[in-house]
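*Asks:* One structure coming up, written as structure tokens, with questions to follow.
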Amino acid sequence: MDNGPWYSKKEGSPLKLSRNASITSPRRMDNSELKLIREYNSQVSIPEHQILSFDHLLDEINFGKFQYWIYGIMALMSISEGAQITIFTLMVPILKNEWHISDSLNSLQASFVFVGYLVGSMLSGQLADRVGRKKPFLISSFFTCLLSLGTIACQEIYSLLIVRALLGILVGLFAPCGVTMISEITPGHLRGRYMGLITLTFAIGQLFGLFVADFTLISLDEGNWRLLTFWCCLPGFLAWFISLFRLRESPRFALLSGQKDLAYDIIQEMINSNKASIQFNDEMKIKLSNWTHAMNRIAKNQNNASITSLFENNRFFLTILIWFNWFILSFVYYGIVLLLPDILSHIEQGQTGRDKIIQLVVSCISDILGAVAAAFFIELKGFGRKNSLIIFFTIQAITALMGFYDIEHRFIYWATASKFFLSMTFIFSFQYTAEVYPTKIRTTGIGMANGIGRLGGVIMPWICMYMNSQKLRSPFVLFSVLSVITSLSNCFLPFETLGKELE
């Protein structure tokens, strides 16, 4: 019996199947894909060793220059998005002072952003799962940067509300496309860790926004927010400019959508860019084509890019749990982000504007540390995706409760700890959602989960700002209760995706 890899590889020679090679080797294929292949083989007579899965090929190409460019593009867009969140939260007290805006209008502004994000997320899945990942990303990212600059021209709240809503739609369009793209070009053994690290760039973006705010704002409720907006738009424009030259379509999507020549060209570019020691010859293309037929045959009439497809094939309960998880996660995380500047302005009366910005900087650094910690835990057996969601939602609930009951002087420490654990659960949720749905509906799944999550952001300002006006820090009790409920609900997720190959 040949105990080597499922193919033999010699320097300078084409990639060939070894004599006793089998694609069903338990070291190379997980149960989900093996089940699909065998189901396909029960319908057509193609030997299993004549099938080469894209994930196996991606493992051999490995991670290199090709992925670095795309990760860099997504990182810059994520930095831009994080900076925009910082601008939005800092502008709440500033506009309240400068334009004399009521709390209800500030709540409405926040709701408009999240409603827009919901609409964009719903459209993103439909577009990206039909026309590809590249075009929707390019178009939406460009107009996101353009409209971000457009906020500078707003002279009153109602025009700002419209621009904010449109921005939410555009961010909702490009964000799921980006997550799907990097999940489909990253080798399976690195996917959890590397995708976890890329999400920390959102926190870096928040830090960047605070860094610029230190030079453009006088205090948390006064300063040049237009200049702040201008500087925070630059990472997004840089990302879009680079993407014009370096962004490629997802080869997995191209394969499964019948664009084989395009997919083969991109795969060859990946091999050349990463200097992989394999030759992508006709024999491999035939085997990869067989895998494509197998996947499409199984998915036919089942996995069309529609919202209803998320509930087919025993996915109803799974999708409901994922949506609930995202809803609460967004409600709690953005609730803390929105309330933090306002609460600090009430409980730290003796501090300067710079002192308060430094406290916000520390809370953002906790997001980065949380992302790094998540990248470690996400690949550990016993933690993975599902168990990590259960564990860290529970710990976060404790920190949120302490943020209310402990003395005011220590509030910032508990709020920072809550953001640390929430940033971890965001990564686990993104990863689980990206892995649990098949390729043809992956962006739809991510987009809808993200969009439903933003519904939490829609109702959050009305509830949290009212509670906070009645009793300072009281929303943190609600955050704690919701986190406990979500932790318990995650116990019912049907399976773990750690080590699972993408379908």
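The backbone N, Cα and C atoms fix where each Cβ goes, glycine too.
Pasting the relevant annotations from TrEMBL:
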TRANSMEM  68-95  transmembrane segment
DOMAIN    70-498  domain 'Major facilitator superfamily (MFS) profile'
TRANSMEM  107-125  transmembrane segment
TRANSMEM  137-158  transmembrane segment
TRANSMEM  164-182  transmembrane segment
TRANSMEM  194-213  transmembrane segment
TRANSMEM  225-245  transmembrane segment
TRANSMEM  316-337  transmembrane segment
TRANSMEM  357-377  transmembrane segment
TRANSMEM  389-405  transmembrane segment
TRANSMEM  411-430  transmembrane segment
TRANSMEM  475-495  transmembrane segment
*Asks:* Can you work out whether the transmembrane segment (107-125) touches the transmembrane segment (164-182), with the criterion being 3+ CB pairs under 8 Å where the paired residues are 6 or more apart along the chain?
*Replies:* yes
*Asks:* Summarise the model's confidence over the domain 'Major facilitator superfamily (MFS) profile' (70-498) as a mean pLDDT value.
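*Replies:* Per the prediction, mean pLDDT sits at 87 for the domain 'Major facilitator superfamily (MFS) profile' (70-498).
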*Asks:* If we skip the immediate neighbours and take only residues 6+ beyond the ends of the transmembrane segment (316-337), which ones have a Cβ under 8 Å from one of its Cβ atoms?
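*Replies:* Result: 85, 89, 114, 310, 389, 396, 400, 415, 418-419, 422-423, 425-426, 429, 432-433, 436, 445, 448-450, 452-457, 459-460, 464, 475, 479, 482-483, 485-486, 489-490, 492-494.
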*Asks:* Are there 3 or more C-beta pairs under 8 Å linking the transmembrane segment (68-95) with the transmembrane segment (194-213), counting only pairs at least 6 apart in sequence?
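*Replies:* They do touch: at least three Cβ pairs between the two stretches lie under 8 Å.
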*Asks:* Quick check for me: are there 3+ Cβ pairs below 8 Å between the transmembrane segment (164-182) and the transmembrane segment (389-405), leaving out pairs under 6 residues apart?
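*Replies:* No, these stretches are not in contact.
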*Asks:* Checking distant contacts: for the transmembrane segment (389-405), what same-chain residues at least six beyond its ends satisfy Cβ-Cβ under 8 A?
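*Replies:* Tertiary neighbours of the transmembrane segment (389-405) are 325, 332, 383, 411, 414-415, 417-418, 421-422, 424-425, 428-429, 432, 473-474, 476-477, 479-481, 483-484, 486-487, 490-491, 493.
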*Asks:* Is the transmembrane segment (225-245) packed against any residues at least 6 beyond its ends, judged by a Cβ distance under 8 Å, and which are they?
*Replies:* 69, 72-77, 79-81, 83-84, 86-87, 90-91, 94-95, 137-138, 141-142, 144-145, 148-149, 151-152, 205, 208-209, 212-213, 216-217
